[in-house]
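Heads up: the structure comes next, in structure tokens.
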Amino acid sequence: MVLKLFSASFPGAGGGIVALVLAEKQILFEHVLVDLKAKEQKTPEFLAMNPFGQVPVIEDEGFILYESRAICRYLAEKYADQGTPLLPKGFNERALVEQAASVELADFHRAVSKVVREAVSKVNRGLPIDQSALDQGLANLSAKLDVYEVILSKHRFLAGDEFTLADLFHYAFAPVLAEGGVNIMTSKGPNVARWWNELMSRPAWVKLKAEGIKGTVG
Ligand SMILES: N[C@@H](CCC(=O)N[C@@H](CS)C(=O)NCC(=O)O)C(=O)O
């Protein structure tokens, strides 16, 4: 039974990072499009899979899992020896990935979400911007990227010289910043810019960005 990914087709959010792991790991999957505007994520059938009523969700041989980063970890572990090795095997190396992944979720993602909400989502919907929330989000993001600049001056990726899940998690939302004219990912420092440009040119991302989330079967 082929793995099913339930999500919208938009690449720059939680469904996108799951689709990226599927691509990096060369895992065949069926994409089940969930129409968020039609509230398909709130139907009793969907809530039985994810009681929070949100995408993405996967079904893998009858096993249901939600939360994008948890799904990515599951896939990276299950298919450890297939495609790009997204999680190192060594105990310490793995801990360094978790360290960088923690910073992504607790700090980076929180700041990016605030900026995207103000500079992209509200603008697209014609809603007034909360300038102080935007300024605070940008200041928080800027402070995190200053530290990323130091980290990335020592190695190619966030947890060492290999691309890992810690880098991959940054595709959840940050690519949307440029849509709102926020070019902080490439203007903060040379090492952050090098790292971000490398992420933005990975073939799996280039394809996903161009095509949206599309299954490989079904
Ligand atoms: N922490 C969750 C967040 C999931 C989430 O916010 N999903 C959004 C789409 S990116 C959603 O389903 N929104 C529709 C809703 O909340 O009703 C994850 O990473 O999977």
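Cβ atoms here come from the backbone N, Cα and C positions, even for glycine.
Please treat TrEMBL annotations as automatic predictions, because they have not gone through curation.
What TrEMBL lists as domain 'GST N-terminal' is 1-83. The annotation domain 'GST C-terminal' is assigned in TrEMBL to 90-218.
Per-residue confidence over the domain 'GST N-terminal' (1-83) averages 97 (mean pLDDT, predicted model). Note: the domain 'GST C-terminal' (90-218) comprises 94 helix, 3 strand, 32 coil (DSSP; helix = H, G, I, strand = E, B).
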